[in-house]
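What follows is a short report on a single structure.
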Amino acid sequence: MEVHNVSAPFNFSLPPGFGHRATDKALSIILVLMLLLIMLSLGCTMEFSKIKAHLWKPKGVIVALVAQFGIMPLAAFLLGKIFHLSNIEALAILICGCSPGGNLSNLFTLAMKGDMNLSIVMTTCSSFSALGMMPLLLYVYSKGIYDGDLKDKVPYKGIMISLVIVLIPCTIGIVLKSKRPHYVPYILKGGMIITFLLSVAVTALSVINVGNSIMFVMTPHLLATSSLMPFSGFLMGYILSALFQLNPSCRRTISMETGFQNIQLCSTILNVTFPPEVIGPLFFFPLLYMIFQLAEGLLIIIIFRCYEKIKPPKDQTKITYKAAATEDATPAALEKGTHNGNIPPLQPGPSPNGLNSGQMAN
């Protein structure tokens, strides 16, 4: 394992017992439970028929895969060149860019009112494709940076585990929705509450585990890179899906799927490939990248929700326009004795004493 042009080994060591402490194990267990609960809840919003439709007409899935494995690795490679990163820094960022979509994309797609069926199909297809695409992309883009064979470092077992975590609870949720739909509201509400509580626990344990070690990667160029990478994914994923004329719901879904990477796989590759004295504090770069993913994703959700409140629905706009047009046309019609030409002029009728109105006038 050799990286070109590394000026000197990092004077850096991980916290004592890192990865084997009680807090580390507790964090891992809570993360798995939270992911299972999230996937179960998301499965309750899906339908087999709609999943089948996306598989039979995979236009959205193909666009998403092109965005995931075309845009993100290229963005990571170009950002490394633009900011003149060292080779070890560029390699750490490239590994993140070549990773498949993560589970956070499913949760944020729900918040963005995207197509949940497409989101789960995309996450599954992205993970399956990563078994072949990840080694290929790392081989192509790491030329001249890394002398070793990165394809042997791809955590195939981790990818398969992530697929199981997605598919099994989602399938249970779909079956519950079709067979026991009255349970779905309770699962969704309970899932949201428990997920929020677990998120608080995850945040607290992460701070305890990492401590101030993450401060070592908060250099200006790494901060800029880790902020621009997810932004590039969100933006280019939306633009690419718009070019292929997908509906707004699918555009938002592909945007989220492209911008969110599987950070756990990035950390695994860095941990397996490089010893601490080589990778140094860049071991924590995936965590910094995840922070920017979450922050930018939440900002996009806030902007989208505000836009929804300001802009009236299209149907309501049409109804208002038609009503206003009718009111403007009514006075002119009444002057001619008709309204829209459907009501004939009023004919003289008999008065109570048997005389018509003309005779009464005489």
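Every residue gets a Cβ built from N, Cα and C, even glycine.
Look at the topological domains in Swiss-Prot: Ala22 and Pro181 end up on opposite sides of the membrane. Looking at Thr219, Thr330, Swiss-Prot tags one of them with phosphothreonine, and that residue is Thr330. Scan Swiss-Prot for N-linked glycosylation site across Asn11, Asn103 and the hit is Asn11.
Of the two recorded stretches, the transmembrane segment (281-311) does not lie close to the transmembrane segment (116-142), with fewer than three CB pairs under 8 Å once pairs fewer than 6 apart in sequence are set aside. Long-range contacts of the topological domain 'Cytoplasmic' (180-183) within the same chain: none, as no residue at least 6 residues beyond the stretch ends has a Cβ under 8 Å from a Cβ of the stretch.
Long-range contacts of the topological domain 'Cytoplasmic' (244-247) within the same chain, counting only residues at least 6 positions beyond its ends with a Cβ under 8 Å from a Cβ of the stretch, are 59-60, 63, 254. The transmembrane segment (23-44) and the transmembrane segment (157-179) are in contact, since at least 3 Cβ pairs between them lie under 8 Å (pairs 6 or more apart in sequence). Only sequence-distant pairs (6 or more apart) were considered; of these, fewer than three Cβ pairs between the transmembrane segment (157-179) and the transmembrane segment (220-243) are under 8 A, so the stretches are not in contact. Beyond the transmembrane segment (248-273), the same-chain residues lying 6 or more positions past its ends with a Cβ under 8 Å from any Cβ of the stretch are 1, 60, 63-64, 67-68, 71-72, 92, 95-97, 99-105, 108-109, 112-115, 118-119, 122-123, 126-127, 130, 148, 150, 153-155, 158-159, 162, 230-231, 233-238, 240-242, 279, 282-283, 285-287, 289-290, 293, 296-297, 300, 304.
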